[in-house]
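As recorded in TrEMBL, the features of this protein are as follows:
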type	residues	note
DOMAIN	1-98	domain 'Thioredoxin'
ACT_SITE	Cys23	active site, nucleophile
DISULFID	Cys23-Cys26	disulfide bond
SITE	Gly24	site 'Contributes to redox potential value'
SITE	Pro25	site 'Contributes to redox potential value'
ACT_SITE	Cys26	active site, nucleophile
Amino acid sequence: MSNFSEIINQDKPVLVDFFATWCGPCQTMGPILKQVKDELEEKITIIKIDVDKNQALASKFQVRGVPTFVLYKNGKQVWRQSGLVQKNELVSVIKSFY
């Protein structure tokens, strides 16, 4: 993921989902992330990083468990959470960084 730093340096919030295909909670979060994207549309960029395929990136960002969500604004980490997150909480956190 060579353009990762370009993506997280956007003006709008960027939510990074570090996940694994074998992870049950990660699969549960899939539809929730789609609902968040549908609600916030162009106000958010959501990218998914498979930790098994991007081990160096996961290590660089100290991802110890999946799913791990990291929210960036202008290249700075502004929020981080591991585990399941409810849609309303995600939307609320993201909106606070518009």
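Cβ atoms are placed via backbone N, Cα and C, with glycine included.
No curator has checked TrEMBL annotations; they are predicted automatically.
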Recorded sites compared (Gly24, Pro25) - highest count of Cβ atoms within 10 Å: Pro25
Recorded positions: Cys23, Cys26 - member with fewest neighbouring CB atoms within 10 Å: Cys23
